[in-house]
Structures are given as C-alpha cells and as structure tokens.
Amino acid sequence: MAKLRVHELARELNMTNKVLLDKLQAMDLPTPVRSHMSSLDDDVVALVKASLVRPKAKSVVEKRIGTTVIRRRKKVVKPAEGGPEETAKPEEGAEEGVQEMDAAQESVSAPEAEKAPEPVAEKAPEPQKAAPAAEEPKAEEGAPAPEKAAPVQAKEEPEEAPQAEAKPAPPKKVDVTPPGDKAKIIAKPEPPQPAEPEPPKEEPAPVELPEEKQAVSAKAADTPAEPQEEPEAKPEIKAEAKAEEGAPEKPAEEPKAKEEQKAAPEDSKEEPKAEEPAQPAEDEKAEEKAKAPEEKEPAKSQEPQAAKEPSKEAPKPKGKKKKKKETAAKIISLPTRPVEPVVPPASRQKPAPQSPAGPGGPGGPGVPPQPRAPQDLGGDPAAKKEKRKKKGRRDGGTTEETDSKFFKKKISFRKKAVVEGADLYDKTPGKLRKGKKGGKAQPVRQQKTQTTTPKAIKRRIKIDEAIAVADLAKRLGIKAAELIKNLMGMGIMATVNQMLDYDTAVLLAAEFGYEVEKANFEEETVLKAEEDAPETLSNRPPVVTIMGHVDHGKTSLLDAIRESNVTGGEAGGITQHIGAYLVDSPRGRIAFLDTPGHEAFTAMRARGAQVTDIVILVVAADDGVMPQTVEAVNHSKAAGVPIIVAVNKMDKEGADPDRVMRELSDHGLVPEDWGGDTIFVQVSAKQRQGLDDLLEMVLLQAEVLELQANPDKLARGHVVEAKVDPGRGPVATVLIQEGTLHAGDVVVCGIHYGKVRAMYNEKRQPLDAAGPACPAEILGLSGVPMAGDEIIAVDDEKVAKQVSSHRAQKQRATELAKSSKLSLDNLFDQMQAGNVKDLNLIIKADVQGSIEALRESLEKLSGDEVKIHVVHAATGTVLESDVALAAVSNAIIVAFNVRPSPKVSDMAAEEHVDIRFYDIIYNAINEIKDAIVGLMESTYKEHVSGRAEVRDTFTIPKVGTIAGCYVTDGKVERHNQVRLLRDGVVIFDGKLSSLRRFKDDVKEVATGYECGMGIENFNDIKIGDVLELYYLEEIKPVLK
C-alpha cells in the first residue's frame, strides 16, 4: 500500500489538518511529522488510527473553591493497551456508573442548600461529563449514561438514536446506579403504579417547599430508590414509564427530540409550581436558570439532598424568595382536571414524547421508563386560577395540553394561506380570525392588491391635441417611467413634463391596451352655424378681390374705381397691406379687397381668395403673364372662385392684349372670344378707360352666382387684417359674410374675444352695424388676432371667454409638443450640424399681415450654413422688452413701418442691440440676405505662381538658413505661400520670411533668375529641394 500523507489521513478521520498534526506531534512516532504534506507508513497509519479512533476515557476532577464556584479539570485516563475497541464499548456503561458514584460522593460534602430547588430535570448530571469517552463530543454522545437530565438528552437525541438502535442492549444496570443519584429526584413519593398509572389527587404543598423537598431527598438518599416508587413529577421517570410499556414505541418517539428539548425545561417545573402557586414573579428567573451553562448544573444535581437539609432552616426559603435559587419551585401550578387514561395514538390526545432509549438511559435496558410530563394530580381552585393567569406566559411552564396549544398557535402564525384574486374582493363573512383570548374577531390581513385589467369601456380615454407625459401616465394608470421607456423605444427622448401630440399619445395608449379619443371642446355646439331658411335670405353685394403681379396697376385700378388716391400713400408705390373697401356704383354696391402683388404676400393673396366671391386678375398689357400672375390664378382655382381678367395699361405703347390672352390660355383661362368662359376686359386705370365695363361684368357675374345672406342673425366673418393702434389698441379689419355685427356685440376671434366698442368704415367713419359683405374696423378685442381668423358673434361673454381660453390652451400645447419633441434623429442632425450658425431676428411690424410676409420670406433664406430663427414677432412699436430679449438672445430687431421711442433707442444703444428700420419689404429681405452672406464662410482656391530649385544653402546667425534658389517656372512674389518638396513629398508648408536678389530686397523674381529665399520658422533646407510658391484666392459665398 502506498504511503499516506497527513492531510489524506485527516480527511479519512474527518478532522482538520491542524488538529491531526497536534495529535501526531503529541504521539511518540518513529518518524517526526512536520506538516500536513508529511508521509506516513502503513504501520504508522495503523498505529495512529488505533490510538485516535479508540476514544480515551476522561474523568473530571472537581474542587469547590467557593460557595458558588466549582472548578472542574479533565483528567485523561489512558485505556489498557491491546484492548480491542469493540470490547471497550460494552464496559463503558459500568465504568460510567462507577465514575458517577465517585463524582457524586465528592460533591456530597459541598454545601449547596440554596441550589436544591433548582430544576434538576433541566440540566445534565455530572456523571455524563465524567464518562470515559468524553474526549470527543461525537464519541461521548454515543456512549450511554445511567441517568441523564431531559434537556441534555433532548440535545443529544438526534445523534444517540441511530447508535442506540444499532448496538445490542447491554444488561440492565439499575442495581449499579448508586442511591445518591436517585436522591436527585425532588418530589413526593407515590404508591407503585403501572406503566401509565392514574395518580391520586394531591393537595398543594405549603410555601416552605424547599425544606420539604430536602427532607424527601434526604429520606430517599438513605434508602435505595425503586423505579416503581418514583414520583411522576420527574420528567425522567415519565420517560422510563413510557419505555417500559413497550420497546417498539421507541423509534416512533425519536423524531420528537427537538420538541422535548423545548418542552422538557417547562415540564420539569410543573410540580413545584403546584406546591407554591403564589409567586408569579419568579417565572422569568426560572427561564434564566433553564438557559444557564451545563457546566454548573451537574454539581447542583449531584449534591445529596440529605446534606442540604441541615443547612436550611424554615425561615430561609421565605427570605430568599426574590433570588434565583428558588425559581424552580414557583414556575407553574399542577392542573386540576383529571388525567384521561392513556389511549392509542389514533385517539384525541397524542402520546407524550419520550427520550430515545439507550443503554443506561431512560427507557433503556436496566432503567425504568420515565414519563415525559407529570400526570395531572389535581389541585385547589386557587391553583386553577393561578394557572389561568399564567397560561399565556412564554417563560412559565405549562401542562402538556397547554404546550400543544402554544405550539399549534406558533405554527398557525407561520402558515401561509393561498388567496385567489377573486377572494381579495370577496367580503363574505367567515374570514375572520379570533384573538388570543377569544375576544372580538380580527380581520385576516389581506394580501397586496393585484393589478386588474379594467373593462373595455374604462380603457377609453379622451385627450386634447396634446397632453403631458405625466398626465397620460395618470390616465393610463401606469408609472411615467414606463411611458418614457416606451418613448425611448420609439426614438423619442421625453421627460415627465414634456407635451406629446395626439398621434404619439394614440400609439402609446395602444401599447397598454387603451383607446384614445379626441376630447375636443364642444365648439361646434356652442358656435353651431344655423342653416338659414330661404325666406330669410336677401341679396348681398359681391366681394371682389383684385389680384395680380406687382406693378401691374391693381391699386391704381381700384383708386380709379373708388376715385381715391391710395397709391400715393404707399411706401415705394407698392401695396404692402391688404385693404377692404365698399364701393357704390350705379348698379349696386361692390366690396373690394386689394391684395399685395409682391411674392412675399402669398398668404395674403390666399386669404383674399378664400373670402372672395369674384377675382379680378389684373395683367399689364405690355408685361404679360408673370410669376405672381400664375400664382393668383392657382389660388383662385383652388378656392373655386370665378376669374375676370382686366388687361391694364392699354394706353401704353407696346400693349399687346393678344399676347396676354395667349399666355393665360396656356394656364386654363380661355377668353370668350376664343370659345372659352373667361371674361377679358381691356382697361386703363390711368386714363380711366373701361372701368364701367369692368364693373358691369362684375355685377353680371354676381347675378349669375346669386349671392344671398341672412342679415337678421348673429354675425360671422373673417379677419382681413389686424394691427395695434397706439391710441386705440388692437384693431381688426373684418369682412362680414353673414348676419349683422352691431356695436356692443360679444365676439370670438381666434384665441381672443371681446366686446365691440366701436366700428369704422374704410374712411374712418363710425358705423353702428355692418351687414353681409361689409368691411369694417372693430375695436375692443383682447389681443391682435391673426389675419384670416374667423370672427363669430355670441350671446354671452362667458361663452366667448370659455371658447377663447380653450383655443389658447390648445394652441399652446401644440406649440410645446412641436418645440419640445426631440427625437434621436433630430439629435443626430443637430450634432452633425454643430457648425451651423444661427441668425436670430425679432420682427416688429405695423400689421399682422406684414409680419406673416416677413417671417415667411426671411425663413426661406435659411441655408445649410446659416439658419434664420425668428425669436419673437408682434405688431406695434419696438418696446423695452423687445430690446431686452434681443440682448439676451443676440438677435437683430427688424422694425417694419414702426419706430421706437427715444428711451427705447437709448436702451438699445446701451445694450448694443442692432435695430433695423424698413418701410419696403424689398429692402428688408435684401439686407437680411447680406447678413446671411456675411455669416457664411468664404472658400479659397489655390493658384501656383512659380517653382524654384535649391542649389545652395547659407546659414546666417540670428536669421537661419537661406536657400539659394533658381526660379525654374513662373515667378516668385514676396507675399506668396511656400511649400517645400523633397523627393515629391511635402516637408513643410509656410510663408516666405525674406526674398532677396544679391543684397537687395525684391518684391518678385521672374523665371531664369537666381534669388535667396528664407522660410519662416524652418531651417531644414537641403540642396536639391524644390520650393513651390502659391497664393490663395478668396471666393465669397453667394446666397442661392
């Protein structure tokens, strides 16, 4: 067999390397062992196993060094050599009995009268510690002991049980047990009983229990105790009685070892409780005694009771009631109910748990079985009352029935009930739990509320045009973090307060199983348009819009019709505002709308086409069809409005009406002379020719259209233009389409509302009422409406305010949703366009239409390099707040037809804010273009001017290396950039520091001449290098 190492042997013997090394070094081995890697021969391994596996006997030497201190020392007794291990085991019981008698005799002389009432059955006796196999705990547990207390047995039962079953039962050792050990049973003797006798009732003992116990114990010490005469108050006696009933019950009772461990200290205290029921304060002390270390208890249990009796006098127990010494006599009272006879295990009462039977132990061969708990001996009513008082105390001892109830309660608290989802909401009776004392019922604690899916009708929510993330999460009943996570999955970076548009909210709600509906304010109900009865309708004047290209004579034509001079008041001779006029002709009234012809006023032309009945398209006979002419044609066709073409400037030389007809026919306007349906009228606004024919055609077309309206109802119309008048506040030019607007009516106009305080016509004359197709200026609105907003008269101002606030909220939420919606794609684009410059503008204009035209025209100028951002736009003069905003946002203020006050001008100068004033939109657009070009970076183009070859180098102190060169191509100029090439590779790129020919500085050197050149901050010039000279040409950007 191969040699074994120390660590392998330690693994076989189930011990650590260090412990085995210590044991090996203590043994006299032929070969010294130094570490766990040392090798051992076969004979050494056998010797070590024989010495270590065979347990050594121990004896405990005790010496009392004080009234309460006992010193114990273990004395190892080497077993006889050559004795086999198997033969030593049967002798252990007898050897233990002898050592128990010796140890008991040593402790007889120790006076410990006070310790007599201690719960002797709780602690282990000393003879167990003096067993021969006490060196190793596991070997000691397997060794049988003559008499063991209940707590120690309960701790060792799980290990004792298998060994006790495996070993053959040795002969009974009842006679071997000395009388001194039996004297430890402190209780009154009873007549002999069978295995489960029913004892007679016993009267409670007087308070001086310790003295009586001492007398009984002394009496028992003088005479050998018989097993059948042992009282039932001792738990060990009960265990013996149970074991005598039959050995087959022993394995069934072994699994209850842990229950005995908890219950044995309580059961052992039951009889003393009955004898002294008047001391409830000692229960806690008894529990402390039960938890004391085991080393102190054997000495108490071994002391002979006869020796303790003389040391105690009658008044002593009363004087020492408050100390821990007498706690064992005051734990619990004896039960008064009669004990039921022992029944089979299938009956209601469970058999008392027993300690496992082993050689020399309770219930084993040689020792009568000991019952687990004392029998019910009855008691007086006072004892019953005291028992009821202390029934619920944890630290007090209880009867077997009380113990079982306590453990059942404990188990019931740990029990977990499975509650179905439907039971959580089931409020039917019968789900209540009674209290500890049978009081009022307590409701069972419900589990956490489960998340349930609402019904389909509840999974439908209504939202406005936009909703915040937090509000949507609240509506859906989920956390906002879940919504944000889903938004990130959709590529949208959102916060809790960010606004979401309707479409995004629909997608999010669908993921959580909800349907979304638009919760529009019931404007349709409040502002419902009523259909007019035919008998209430009457003819109304036509609304005619004059459209055409710029400088084709639209306003001049209208002036000729109105016999006014509007053109003279226009800046630059062009119309920049939309105007509404009511003209009286011999055949009736006509409402005219004059629109600007400049390309910037597209929105104005579109608005005019929407509210008009007939469009007069003015085309100059000498100029023909222009881009804005085509645009006006498209607007009119989109609105479904008939067009009358007025060929103007027929008095000028070069007028060609046929050319106009040809070009317009290409756009779908075929004249009547050519078989079409478009009316062409040749006029001259300057000479006032053809005006009557034009008005006649307009009225004829109106008759064909049968224009009618109901004047006897609340007015409805559209805002043609709006502005802020310094003295009158917000002023809106409106065109009434149906109904009649009176002064004092409450109106809603876009997001604003108000009461009409005054009305004026185009000549600034006050009006009391404005009927259908009548333009008017109204005052009294809460703000400046947008051009094109619908104006509606209502009955109640409260309704108007409600509609206005709802519209304002919806508009604000929509703007927030657009501005704050940041997606991953947009973020990437912004990162890519990090070098894009922004030109911030603040637009202040006289009317809303001009602002609209300026904003659209300027934002079209944005390019890839410069973005135009309109920070703020409003009507009215430049205010201090505008200057402050411009200073913060680094913006330029564009003032169109407005002027600031001197105070504002001074503030702008202090804040270094640039204010630009314009009265013609052309100039504003051109200057903004120049500003954009100035912000754009120029490009540079490289031009090679010449090449020179280095033929020699010179080093000049404080100057550096000078290259003597020969110009081979082109010419060399002083301001050129130079590039040094060596073998075709660029070595350096910089500037010329000097250029000389001989000793003279020169500006340039032509081809075929030699010169000296110095390169700035570079001296590594070698013969054979080539110097390439070039210059950069700046190419300024051009705005497309």
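Positions of Cβ are set from backbone N, Cα and C atoms, glycine also.
Feature annotations, reproduced from Swiss-Prot:
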- 548-555, 594-598, 648-651: GTP binding site (BINDING)
- 430-439: compositional bias 'Basic residues' (COMPBIAS)
- 444-454: compositional bias 'Polar residues' (COMPBIAS)
- 73-403: region 'Disordered' (REGION)
- 427-456: region 'Disordered' (REGION)
- 548-555: region 'G1' (REGION)
- 573-577: region 'G2' (REGION)
- 594-597: region 'G3' (REGION)
- 648-651: region 'G4' (REGION)
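Within the chain carrying the region 'G4' (648-651), a Cβ under 8 angstroms from the stretch's Cβ atoms is held by residues 552-553, 556-557, 618-623, 657, 682-687, 689-690, all 6 or more beyond its ends. Averaged across the region 'G3' (594-597), the predicted model reaches a pLDDT of 69. Sequence-distant neighbours of MET650 (GTP binding site) (same chain, six or more apart, CB under 8 Å from its CB) are ALA621, PRO657, GLN682, VAL683, SER684, GLN689, GLY690, listed in sequence order. Taking DSSP states H, G and I as helix and E and B as strand, the region 'G4' (648-651) has 0 helix, 1 strand, 3 coil. Under DSSP, LYS554 (GTP binding site) is assigned to a helix (H, G or I) in the three-state scheme. Other Cβ atoms within 10 Å of the Cβ of THR595 (GTP binding site) number 29 in total over all chains.
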